[in-house]
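**Q** Below is a structure I'd like to ask you about.
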2 protein chains.
Amino acid sequence: MVNAGAMSGSGNLMDFLDEPFPDVGTYEDFHTIDWLREKSRDTDRHRKITSKSKESIWEFIKSLLDAWSGWVVMLLIGLLAGTLAGVIDLAVDWMTDLKEGVCLSAFWYSHEQCCWTSNETTFEDRDKCPLWQKWSELLVNQSEGASAYILNYLMYILWALLFAFLAVSLVRVFAPYACGSGIPEIKTILSGFIIRGYLGKWTLLIKTVTLVLVVSSGLSLGKEGPLVHVACCCGNFFSSLFSKYSKNEGKRREVLSAAAAAGVSVAFGAPIGGVLFSLEEVSYYFPLKTLWRSFFAALVAAFTLRSINPFGNSRLVLFYVEYHTPWYMAELFPFILLGVFGGLWGTLFIRCNIAWCRRRKTTRLGKYPVLEVIVVTAITAIIAYPNPYTRQSTSELISELFNDCGALESSQLCDYINDPNMTRPVDDIPDRPAGVGVYTAMWQLALALIFKIVVTIFTFGMKIPSGLFIPSMAVGAIAGRMVGIGVEQLAYHHHDWIIFRNWCRPGADCVTPGLYAMVGAAACLGGVTRMTVSLVVIMFELTGGLEYIVPLMAAAVTSKWVADAFGKEGIYEAHIHLNGYPFLDVKDEFTHRTLATDVMRPRRGEPPLSVLTQDSMTVEDVETLIKETDYNGFPVVVSRDSERLIGFAQRRELILAIKNARQRQEGIVSNSIMYFTEEPPELPANSPHPLKLRRILNLSPFTVTDHTPMETVVDIFRKLGLRQCLVTRSGWVFPGELSISLQRRLLTFVSFRRLLGIITKKDVLRHMAQMANQDPESIMFN
Amino acid sequence: MVNAGAMSGSGNLMDFLDEPFPDVGTYEDFHTIDWLREKSRDTDRHRKITSKSKESIWEFIKSLLDAWSGWVVMLLIGLLAGTLAGVIDLAVDWMTDLKEGVCLSAFWYSHEQCCWTSNETTFEDRDKCPLWQKWSELLVNQSEGASAYILNYLMYILWALLFAFLAVSLVRVFAPYACGSGIPEIKTILSGFIIRGYLGKWTLLIKTVTLVLVVSSGLSLGKEGPLVHVACCCGNFFSSLFSKYSKNEGKRREVLSAAAAAGVSVAFGAPIGGVLFSLEEVSYYFPLKTLWRSFFAALVAAFTLRSINPFGNSRLVLFYVEYHTPWYMAELFPFILLGVFGGLWGTLFIRCNIAWCRRRKTTRLGKYPVLEVIVVTAITAIIAYPNPYTRQSTSELISELFNDCGALESSQLCDYINDPNMTRPVDDIPDRPAGVGVYTAMWQLALALIFKIVVTIFTFGMKIPSGLFIPSMAVGAIAGRMVGIGVEQLAYHHHDWIIFRNWCRPGADCVTPGLYAMVGAAACLGGVTRMTVSLVVIMFELTGGLEYIVPLMAAAVTSKWVADAFGKEGIYEAHIHLNGYPFLDVKDEFTHRTLATDVMRPRRGEPPLSVLTQDSMTVEDVETLIKETDYNGFPVVVSRDSERLIGFAQRRELILAIKNARQRQEGIVSNSIMYFTEEPPELPANSPHPLKLRRILNLSPFTVTDHTPMETVVDIFRKLGLRQCLVTRSGWVFPGELSISLQRRLLTFVSFRRLLGIITKKDVLRHMAQMANQDPESIMFN
């Protein structure tokens, strides 16, 4: 027995019933929505608009506007998300450079903007533009020497601490939900959970501001994950402007899915990858209509960001790379090794980070979030400054590691010994022996790798906005670049080895270390998040060619397999479990052989199910029942000791209906009888006016038999998005006084089902946790 | 009440029941599968393998192989689909050229291969390579003049007729399922329908061969749609090698979804677009695991095709284009106009084609498929030859129309009047006035447009393999190129008009007619198929840059809206309806207010539901019932006139079980009692041995109450993939002799539900057709 929730039942009866009272159809905070019901409410709304639209031209225009509002919301989300991303990029650029110095011509210029007029174009000389002054130059007029170094060091640490302190204070005071990457919570919200304020305006504002601060402070975190949260806040804001979305939690989630796509789109400049990320990683209910709209929102966002042009290069993508040489089959081996590294890093990171976060939750550590942030920032800044690869911002680092060494490149990583006889073509430089700079860079990179691995574990999860994409990619890019340089030098010095002989002749450009960095980055990101298609597509959009998709895919597949071998959960699922959110993963398979009867409440020995009767309980009785229990709803039966089910009433709507009736309806007192039947019961003459509640009764709640395998029940909960379902049994026990022949006759025309119990989403999740040998009490919300 | 089909119920009882008999769990031809049941069978299988894998190392290795078989199947599909696509491309190339002439050095060389050694590189002079001889040159040694022209004309027609005759004969004799594009049927199969042989080996072979023949014959059809069918045949073939897929119709469909992605991937050289096409257009049940594997299959297929290199240019994509100028905001107006054209074309095409196909089905026309093909081929060849734009193969035409006119381009379309003072840069040629060639080309293109529009309507649906992508794209590309040239000339001659003044200065290269052709192609393809995201992504992969995605998207959106305004169905859905396949579209919204009781069988006045009793019918009774009805299954009740439901038995399994028992079990005769209970009924002493059938009983069939809105029922059928569900009512009528107090007592402990009827997928579809004012009898299969 199946039904679409109270509204559809009541939808049919709307004409001869009272006006709907306020807040009906809304949900309490930290509760799960009923997708079937939301969907049927939207169909009702749609039907009403369609039938009205035939009445007058004005109504017809209104119906058109309603149909178009989805596209308008997408456009607005795209514009706002793109703008915010652009502003964040510009601000981060400026504030990151502020830690090192200031621009004399205008203090709000970043180092690069300040030196745009300067003639120096190479990477090393960029520092020497006269308008840009390091703090030591400005304060004590020294640019070299130990004291200048120490002064700059101190200023760097001070600014970092200032930014971090500001950020954590803002988050604590104004918007506690602005912390973290937000993706675990957004996944949970999209799966049908209510967290009020999580996507609110304050969260949007504070997250945007603090994101700039924390990224600038040099902590090992990225802005890409939080940008998804920011975009979803935009989505929530704009959907609240249209009643189609603001009044329907299901429809609102369609908008949020699209907003998540727009967020990834601006984070990486990859609109298709963004849509696939939303589809694969974040969304729960993702109809094809939404796919198309998400794509639109993602494109608008990407083009808005490009027109702001924060990277100053008209490029859409975050890390634009162009390689000049193809890859060779033999290189698949190091690529797969990088995949293994990525998987191991993913496992290590998730285990350590979750252990640390659990410690934070359960010990006194969690009581000093500001102090924690200050300490981590201080340690990060102190260790990071001496090493050029940790001092620069992480996205600059990744960008440098991804890049192929062109002929004019002057960075330390490109310090190769050139053949003096060689004419210098712009592309296609043959492999060369490494110079001193490269060897120095290798040491520094190795130290940076260890530092990033350790510090990221402690950073992610603090009470500040913090994304994981960039640190993970940095770890992978460092490892990849090191492996790439290794392979390159091996191939240069040992052309005659059998593995190189076929594809790497002397004087050829066979190995591109930048590609290894990219493959490593994809592997590490995949190991942590367990993304697959979207990861490859995002990386494909960065390189813009299908050429390098095979290495990326090989690494992503390997990394996922290696990581999955140690534990199925990605970092986001792990954080969802840590926080006990009621998230029913569509990707999980439930393979146990339990039955509905093993999961339903009440268990054996527990008190019987709390039920309402259809026409004999008073308002006071119900209020007491509501006060004494915390169930989300009650089956309605014919009489108190009867198990004959007539429907299901939601707790929240009972409360609202009683409150509303007490306020507005005359004659409703504590001992008024509440009835769910069509007609009021026959009452004694002087009894108070009864209260009709058929409107909030779901006439056909979803039921399963007690023998239904849990596998199917889980499937139904997932696919139909239920909140609860009732369990019945095809059993019958006749009272002793009936004759056998009478019993036989009874059996000829009725099918008997006893109401046995109820299964809620929480019960399902707890059961799944139990089956997976986890603590069922970790599922906290319903 | 919900359940996972007979297998899960019986799965629990397997230990103490007989061996499963053959063919249990398979379906009859032209029947719908039960997704829930397939899923639960796969889980059972998986559970068995997991528990066995702990027993020995050999079993562990077997379980690993089982887990890997999905990837192996994908690899094989990719390899075979890519190879077949490459072979088809090469063969089509050769045979298309065979209509015009033959290569003297080796007759199996196409014109291009033949002339590879020649020095002529320009487009016009390519014809003059001496090794390539036109038929007139070869046969009468004349290359110019009227008689040579007529001879060539005749040879062209003769070859076309030969190819077409061969194709239609092969299809008729060996594989009738090889005709058409196959996509409507594949959609239906993927939604859970059985059409035996549709994806068989013969179909694969004949479709591949005849596809080459019909494309070479010059008919207005493409190979892209049929390639999806070919890839799905590969998928079916390889899935039959692994019992994981061959024995489970649900799992098999996962493989087929991925194969469809591989098909589009090789058709256009667009792996990501292929995956999205499969997701958006073809697939029904598409879990994320399949997404990732589809992507793998699509990539393998694309790279296999590239390594065969049929286009001789190392390009992955079918139409590689590179434009040098950006587009301007003002150009959105013609782009949107092209979108409107695409929508109108889509509507026109679908209406006319469906009308013609219906005529073919219902009149004598359908009896002469060979003649029809011959006539259409003859007309096509006769009209096509004189016009160079219809004579060349359609994909060459599209390729020419998409291309930007470079400085060295010598085709008629690029016959612009050059400024003699101008130095010639390779790219970035300013807009120039059109020469005579361009005006001639415009006339010829206009004629070609009309010809293509008319002839495609009659071609699609004949009894030969025929795809729609290429003809649709050709129509759009011709229209787009014409509009593009028009806008270009307008901008050139009227620089001072207000609409051009801002972005098109004299001497600038402002309009790219090739881009218009591409936008037009996207619009027309969108109008016919109603693809959205996948269309844009495929086009994006062709151009390789995000730059032109906005025009494409604007045209695709407009085209879809315009076409949707005239009718919601794309061509594939229209053909599905025409053929009466039971396809429950996930994209449709069911918004009517009907209830389950309005749809269920039996209707008022119809004879009561055919039911089985649990322990009183003989084998003969059941055989009679099966013979007299054509229901797919029967509810099992306690006794003949009882409505107390104990389960549901599938017709096919009843037949198989009885057949099996009669053959193998001793003592089973026509008057043996069949029982579905745990224990055999008490029978008179000399009665024959009873037949236990509990094994095939689904103990908890899916039920809804009669008041459930059909909206919800449709949703459940879609999302859970049901075949049928039972309808019950919470009603009770007590026999008169019961006292009121007894009735009250009865009500206290049981919930009564009467079995009222049954709703099958066919009933749902017929109801939906009725609600949409269509003929419900058009739904033919169950």
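Note: Cβ is positioned from N, Cα and C throughout, glycine not excepted.
Reproduced below are the annotations present in TrEMBL:
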type	residues	note
TRANSMEM	A:68-92	transmembrane segment
TRANSMEM	A:153-175	transmembrane segment
TRANSMEM	A:195-215	transmembrane segment
TRANSMEM	A:227-243	transmembrane segment
TRANSMEM	A:255-279	transmembrane segment
TRANSMEM	A:332-356	transmembrane segment
TRANSMEM	A:368-385	transmembrane segment
TRANSMEM	A:441-461	transmembrane segment
TRANSMEM	A:468-487	transmembrane segment
TRANSMEM	A:515-540	transmembrane segment
DOMAIN	A:600-666	domain 'CBS'
DOMAIN	A:697-777	domain 'CBS'
**Q** Is the transmembrane segment (A:68-92) close to the transmembrane segment (A:227-243), in the sense of at least 3 CB pairs under 8 angstroms with a sequence gap of 6 or more?
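**A** Stretch pair touches.
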**Q** Give the nonlocal contacts of the transmembrane segment (A:441-461) in its own chain as ranges (CB under 8 Å, at least six residues past its ends).
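**A** Distal contacts: 180-181, 219-221, 345, 348-349, 352-353, 356-357, 360, 376, 379-380, 383-384, 387-390, 397, 412-413, 415, 468, 471-472, 474-475, 478-479, 481-482, 485, 571, 575.
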**Q** Taking contact to mean three or more C-beta pairs under 8 angstroms, with sequence separation of 6 or more, is the transmembrane segment (A:68-92) in contact with the transmembrane segment (A:468-487)?
**A** no
**Q** Below 8 angstroms Cβ to Cβ, which residues of this chain, lying six or more residues outside the transmembrane segment (A:368-385), approach it?
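**A** Tertiary neighbours of the transmembrane segment (A:368-385) are 153, 156-157, 160-161, 163-165, 167-169, 172, 217-220, 360, 391, 451, 455, 458-459, 462-464.
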**Q** Determine which residues of the chain contact the transmembrane segment (A:153-175) at the Cβ level, with the cut-off under 8 Å and only residues 6 or more beyond its ends counted.
**A** 95, 98-100, 135-136, 197, 200, 202-203, 205-207, 209-210, 213-214, 216-219, 369-370, 373-374, 377-378, 380-382, 385-386, 391, 462-465
**Q** Grab the same-chain neighbours of the transmembrane segment (A:515-540) for me: Cβ-Cβ under 8 Å, and only residues 6 or more beyond its ends, written as numbers and ranges.
**A** 264, 268, 270, 272-274, 276-277, 279-281, 321, 323, 327, 334-335, 338-339, 341-347, 349-350, 398, 401-402, 404, 468-469, 472-481, 483-484, 487, 546, 548-549, 551-553, 555-560, 562-564, 569-572
**Q** Using DSSP, what's the helix, strand and coil tally for the domain 'CBS' (A:600-666)?
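**A** Secondary-structure composition of the domain 'CBS' (A:600-666): 24 helix, 16 strand, 27 coil.
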**Q** The domain 'CBS' (A:697-777): mean pLDDT?
**A** 74
